[in-house]
Amino acid sequence: MTDYSGLDNLLPLALPQLFLRLVMALFVGAGVGLEREIHQKAAGLKTHMIVSLGAALFVLVPVQLGLLENQPDALSRILQGVITGIGFVGGGAILHDLQRPRGAKIRGLTTAATIWLSCGLGIAIACGLWDLAILTAFLAIFTLGVVKFFEERFFR
């Protein structure tokens, strides 16, 4: 079992570990992005990979600078900014289809949520929480696939 009690995962990293975390951020983002790409959504594989990678980068910058040793709240401030900022990107994925005869239909909510989730996955990987990120990515892909199947069969 992984010990999450300390900041051991958030000490400055050697280049191989840094590279591994950034590549893993790309892969977990790709897992969610591939599902979006297959279903031809506005934000697909590349978008989710870049969002996850970018989130990891923003976490790793203060780690690599050693800021967490003297300013343990630095990571909290960065996370707040990244999570808020990615909300605006996700908001851009939400479109209002006013051309429908029965009124407006909001589209893109799931894509916005997966963009937000990809950000969280990148953060988790950057913090060294591999198991949390991989499990969450698996659950997201499962939810996107299985729930869609049941929605199409029973609710639409």
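Positions of Cβ are set from backbone N, Cα and C atoms, glycine also.
Annotations in TrEMBL come from automatic prediction, not curation.
Listed in TrEMBL for this protein:
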type: TRANSMEM; residues: 18-35; note: transmembrane segment
type: DOMAIN; residues: 22-152; note: domain 'MgtC/SapB/SrpB/YhiD N-terminal'
type: TRANSMEM; residues: 47-68; note: transmembrane segment
type: TRANSMEM; residues: 74-96; note: transmembrane segment
type: TRANSMEM; residues: 108-126; note: transmembrane segment
type: TRANSMEM; residues: 132-150; note: transmembrane segment
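Cβ atoms under 8 Å from those of the transmembrane segment (132-150) belong to residues 24, 28, 31-32, 35-36, 110, 114, 117, 120-121, 124-125 of the same chain, restricted to positions at least 6 beyond its ends.
At the 8 Å Cβ threshold, with sequence separation of at least 6, the transmembrane segment (18-35) lacks contact with the transmembrane segment (74-96), having fewer than 3 such pairs.
Counting same-chain residues at least six beyond the ends of the transmembrane segment (108-126), those with a Cβ under 8 angstroms from any Cβ of the stretch are 21, 24-25, 28-29, 32-33, 35-36, 41-43, 47-49, 51-57, 59-60, 63, 79, 82-83, 86-87, 89-91, 93-95, 132-133, 136-137, 140, 144. Beyond its flanks by at least six residues, the transmembrane segment (74-96) meets 10, 42-43, 51, 55, 58-59, 61-63, 67-68, 104-109, 111-113, 115-116, 119-120, 123 of its own chain at Cβ-Cβ distances under 8 Å. In the domain 'MgtC/SapB/SrpB/YhiD N-terminal' (22-152), helix, strand and coil residues by DSSP number 102 helix, 6 strand, 23 coil.
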